[in-house]
Amino acid sequence: MSFNNQESENLPTFADQKRKTVEVAEFTAEGRYKRKVRSFVLRTGRLSEFQKNAMNQHWGFYGLEHQNQPFDFPAIYGNNNPVVLEIGFGMGHSLVDMALQNPERNYLGIEVHTPGVGACIAYAVEKGVKNLRIICHDATEILRDCIADHSLGGLQLFFPDPWHKAKHHKRRIVQPQFVNTITQKLTTGGFIHMATDWENYAEHMLAVLQQAEGLQNTSATHDYIPRPDFRPLTKFEQRGHRLGHGVWDLYYIKK
């Protein structure tokens, strides 16, 4: 289907509408609804025609919408392979590369920035990746409403917004309630893999994960691991190296 004819030029496309409908919420430590807030800066940005066309033409295959019941992963992917969730995949190149390199896994990416969603879908189409689905919605609501307990094989969180100022640390996505929720969603033996190029956030992640029940740190030194070969080098990591930052990976297994 073409989206370039004159009749459709002035009409809002699916991608245009999606860019304006991302909603997020905040919950208390006990899990009760509190108010709308963001653990990220909502940079919807301007979709390029390339990104817009990718969303308009391929969302039907790659896209999943928020719903009020758990996703049926075997029906969605057509198999019973483990599902790895990545929250905040940016432009999606590393996520697509991991899906391409690991056909025995299914990947589910959540990203609220629509240019990144469009870029990820375009790259997935280019590479012919079929074991990947994308959600453009707040991760908190997806975890609450759409992901059944004990249904995920892993969680990836690479270079989330560190919220540098102390008064903004409460906005960091890695909080005890978040980790507890993820742990509930994991199958036994499932993993949590986080990475950051901000040492203070790495220490925060480590403290939160250490306090969580039912998780085991795979680090021989009980803190961080070297970047594993299976995690692609991201543009954020390259930026960190240029700025002289270290990079800290954390890898935990659900017992």
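Just so you know, glycine gets a Cβ as well, placed from its N, Cα and C.
Remember, predicted model here, so these are calculated numbers, not experimental data.
Taken from Swiss-Prot as is:
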- Asp161: active site (ACT_SITE)
- Glu86, Glu111, Asp138, Asp161: S-adenosyl-L-methionine binding site (BINDING)
- Lys165, Asp197, Thr234, Lys235, Phe236, Glu237: substrate binding site (BINDING)
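When Cβ atoms from all protein chains are considered, those within 10 Å of Lys165 (substrate binding site) total 8, not counting its own. On its own chain, Glu111 (S-adenosyl-L-methionine binding site) has Gly88, Phe89, Gly90, Gly92, Val117, Cys120, Ile134, Ile135, Cys136 as residues at least 6 apart in sequence with a Cβ closer than 8 Å to its own Cβ.
Spanning the listed S-adenosyl-L-methionine site, residues Glu86, Glu111, Asp138, Asp161 have a farthest Cα to Cα distance of 14 Å. Taking the Cα atom of each, Asp161 (active site) and Glu237 (substrate binding site) are about 13 angstrom apart. Counting only the Cα atoms, the space from Lys165 (substrate binding site) to Asp138 (S-adenosyl-L-methionine binding site) is about 23 angstrom. Around Lys235 (substrate binding site), the same-chain residues six or more apart in sequence whose CB sits under 8 Å from its CB are Gly90, Met91, His93, listed in sequence order.
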